[in-house]
Each structure stands twice: as structure tokens, then as C-alpha cells.
């Protein structure tokens with residue numbers, strides 16, 4: 001792209017990262033994120049969330065730590081999308097208690113959980129037959145006037 005003088009910006013890099021994530025080429029996606037940063041092109045929250053979500057969907061939750069560290073270093077705070085992806089990733093690898101820790105961390109940092117956040121963790125607890133915990137979250141969700149969607 002550089003040879004053909006295509007302007008590389010945050011949108012171009014994010015589109016490429018998204019494309020590599022969609023086809024499961026996560027190493028390439030991470031390489032483009034690193035290249036982007038080395039070229040002083042600042043990733044945005046969508047860039048980071050795309051990569052975090054893809055890693056989590058592949059069950060590579062531990063690998064998100066470097067991406068999250070870079071995100072924070074760039075001055076971008078994790079948002080509800082970031083946290084939901086992490087919770088979903090932990091549930092995917094049957095680490096629902098870690099998903100709940102992420103849920104609690106999110107709320108402690110002032111990020112308000114939405115219906116999808118609750119659904120992810122409730123579903124995770126149900127899958128491992130922790131119904132009391134699932135019901136506690138369900139009741140908390142209702143007390144916040146959120147309407148269950150699943």
C-alpha cells in the first residue's frame with residue numbers, strides 16, 4: 001500500500017485488523033496493530049475492541065493482556081464493549097468466575113453494564129450450573145430496570 005501511495009490511517013489499519021480477525025489470522029492482526037503504533041498512527045477504541053473480541057472468541061483471553069496494556073498506554077480506557085468481550089471470552093473457556101471479576105472491575109471503574117453484559121455472565125453461570133449466582137445477577141439486572149433480552 002505504501003508503494004501505491006494509499007494513505008494509511010486509523011481507518012485503513014482498523015479495516016485490515018478487522019479483516020485478519022474475521023479470517024482467524026490473529027498474529028497478522030496483532031502485527032498490523034504493532035505496525036500502526038510504530039508509524040505513530042493512534043488506534044482507537046474500535047481498533048482495540050476488534051482485536052480483543054477476536055482473541056476472546058478464539059479462547060485466547062490471556063493473550064488480550066498485551067492488547068489491553070497497549071490500549072491503556074495509548075490513553076484509551078476499556079469500555080462496555082471491551083469488558084463484554086472479555087467476559088464472553090472467560091465464559092467460553094469455562095472461567096465464569098473470572099468473567100464475574102471482570103464484571104465487578106467494570107462497575108468499580110464506572111462503566112455501566114448493559115443487558116448484554118448481564119446476559120453473558122448469567123449464561124456463563126447457567127452453563128456451569130451455578131444457578132444461585134445466575135439468579136443474583138438476574139435480580140440485580142431487574143433492579144437496574146434492564147429488560148432481559150434472552
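Here the Cβ of each residue, glycine as well, is placed from N, Cα and C on the backbone.
No curator has checked TrEMBL annotations; they are predicted automatically.
These come from TrEMBL:
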REPEAT    9-43  repeat 'PPR'
REPEAT    44-78  repeat 'PPR'
REPEAT    79-113  repeat 'PPR'
REPEAT    114-148  repeat 'PPR'
Could you tell me the mean pLDDT the prediction assigns to the repeat 'PPR' (114-148)?
94
For the repeat 'PPR' (9-43), sequence-distant contacts whose Cβ falls under 8 Å of one of its Cβ atoms, 6 or more beyond its ends:
1, 50-51, 53-55, 58, 60, 63, 67, 70-71, 74, 76
Looking only at the repeat 'PPR' (114-148), what are its DSSP counts of helix, strand and coil residues?
26 helix, 0 strand, 9 coil
By DSSP assignment, list the helix, strand and coil residue numbers for the repeat 'PPR' (44-78), in that order.
26 helix, 0 strand, 9 coil
